[in-house]
Amino acid sequence: MMKASRSDTFMLRTWIQLLVLFVIMFIMSAILPIAASVEGLGFPCYFPNLVDYSLLNLTLRNAAKHLTPTLFLEAPELFVYITWSVLVDLASAIYYVVGALAILQARKTHLTSMITLQTWINLVGSHTMLFIGIARMWTLQLFIHVLSYKHVMLAAFIYFLHFCLSYMHTLSLVSRNSPKWSVLLMEQHIPKQSLLSTILDYGKPLCVNMYLSLLALEMLVFSLGFMMAIGNSFYILVSDTVLASINLYFVLTTFWYMMTEMFLQDYLKLQFGFYLGVFSGSLILLLPVLRYEAVFVSANLHKTVAVNIAMIPAMCVIAMMFRLFRYSQQVRKPENSYTPLPKRFKKRRQKQDQQLIMVETSDEEL
């Protein structure tokens, strides 16, 4: 067994320090929504209550003198979203802590090369993934702070940053920021029948699916918040912002379905958390239609909005059935221990071989 180099030891120490910051940031993210809901703790308003949605009028245009009510999450729905976000981050913190313990345990008995430690850290969660996770929790805290002051434009901008960070974080969790053939090579360094192999085989897929479900809800919050900012910035009909937010959510989820089948399914076959999150988001979208049915009926938009919302779960069912079909085909098919190189790598390798043959031929002639 070879001892870890100083660079590997430094890398592990900095990774554990980032993990400590991740846990501290999670604790703050869990405490902040509770503190923001209690009067007298410095928050001017109860952050889920942006406007009085009983004044919602779909036939009016924005007056630009006050906050015009548009479609957004009300207090119960926003509470559910924040609670689920905290629970997912809790599961992630537990996963990282157990992963760190597994790496320390495997380091004592299974370290076989100087690059093995770096490989284990990349498989559990690299420094970049931890940093992005810290940043996304911080932006969510900032989003809650700004909502308590009723600054919709600033809140929409901050949530845009949070959504981008969450998107990159989830994408990195699935793909590990590496090509498939590189991931297969890294997985060969995992000690068999160890805590590290258990946490990577069972803990990480569960954590990834929870983040996928959260990403689906974050797409909804981003769509509603973005169009709420647009609706309060320009002189447009409130009904246009409502339909635009629904259609934006439909486009974002459809894009993720396509990316899953074309790219992400190579890394994780069993990823159904996103579909469950989309179903939950569709139910959340239906609540305002049911709660303010008279408003939508009076504006002759009840059927239009209902049809647009119904397209989201319908597309989700189609995408989920297609994923189930491909998953069943992949389970029946024997899994290869290797992944073919892309064509560009093959062509590069062929050119190198041809150059090598030409050099050997010229040497023989000499």
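Heads up, the Cβ atoms here are built off N, Cα and C, so glycines get one too.
Topology check against Swiss-Prot: N49 and T260 carry distinct topological domain names and occupy opposite sides of the membrane. Within the model, the topological domain 'Virion surface' (291-304) shows a mean pLDDT value of 68, rounded to a whole number. Sequence-remote contacts of a segment are chain residues at least 6 beyond its ends whose Cβ falls under 8 Å from one of its Cβ atoms, and for the transmembrane segment (114-134) they are 2, 4-5, 8, 11-12, 14-15, 18-19, 21-22, 25, 89, 92, 96, 99-100, 102-103, 106-107, 165, 168-169, 172-173, 176-178, 186-187, 189-190, 196, 199-200, 204. Between the transmembrane segment (236-256) and the stretches 84-104, 154-174, 210-230, 270-290, it is 210-230 that has the most C-beta pairs under 8 angstroms.
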